[in-house]
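Encoded as structure tokens, the structure appears first; notes follow it.
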Amino acid sequence: MSWQAYVDEHLMCEIEGHHLTSAAIVGHDGAVWAQSTAFPQFKTEEMTNIMKDFDEPGFLAPTGLFLGPTKYMVIQGEPGAVIRGKKGSGGITVKKTGQAMVVGIYDEPMTPGQCNMVVERLGDYLLEQGL
């Protein structure tokens, strides 16, 4: 299965009639492996900072998580494994795997829990595959 198929079929899938607004799989180096059409353009340093928060949990808390034009307030995640952010009625979930980061962005009517489930389920599968 191509990386794009993982994004299209597993991240952008419908859940209870809703789906993520955008999603991507990005290497630890910030290189995009695959993304949905609406995924925001981002700076390499934004991905570098996300990776740094995985290595040093709490790194993003004082400044927030920036991705493209959006700043998310960092909320409780799983140190070293999952970063979650919130902005208004939407938010972001980032799951770290051995070689990549699975990123999902949502807005109402999708819930944070639905976003977490979609992103973390694919991330866990990739971890099981050694990716």
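Backbone N, Cα and C define each Cβ position, glycine as well.
Record features (Swiss-Prot):
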DISULFID  CYS13-CYS115  disulfide bond
MOD_RES   THR111  phosphothreonine
MOTIF     81-97  motif 'Involved in PIP2 interaction'
Other parts of the chain folded back onto the motif 'Involved in PIP2 interaction' (81-97), taken as Cβ under 8 Å at six or more residues beyond its ends: 21, 50-51, 53-54, 60, 64-65, 67, 70-75, 103-108, 112, 115-116, 119-120, 122-124, 126-127, 131
Residue among the disulfide-bonded residues CYS13, CYS115 whose Cβ has the most other Cβ atoms within 10 Å: CYS115
The motif 'Involved in PIP2 interaction' (81-97), counted residue by residue under DSSP: helix, strand, coil: 0 helix, 13 strand, 4 coil
Per DSSP, three-state class assigned to CYS13 (disulfide bond): coil
Cα-to-Cα gap, CYS13 (disulfide bond) vs the residue listed as 'phosphothreonine', nearest whole Å: 14
Those residues of the chain, 6+ apart, with a Cβ under 8 Å from that of THR111 (phosphothreonine): none
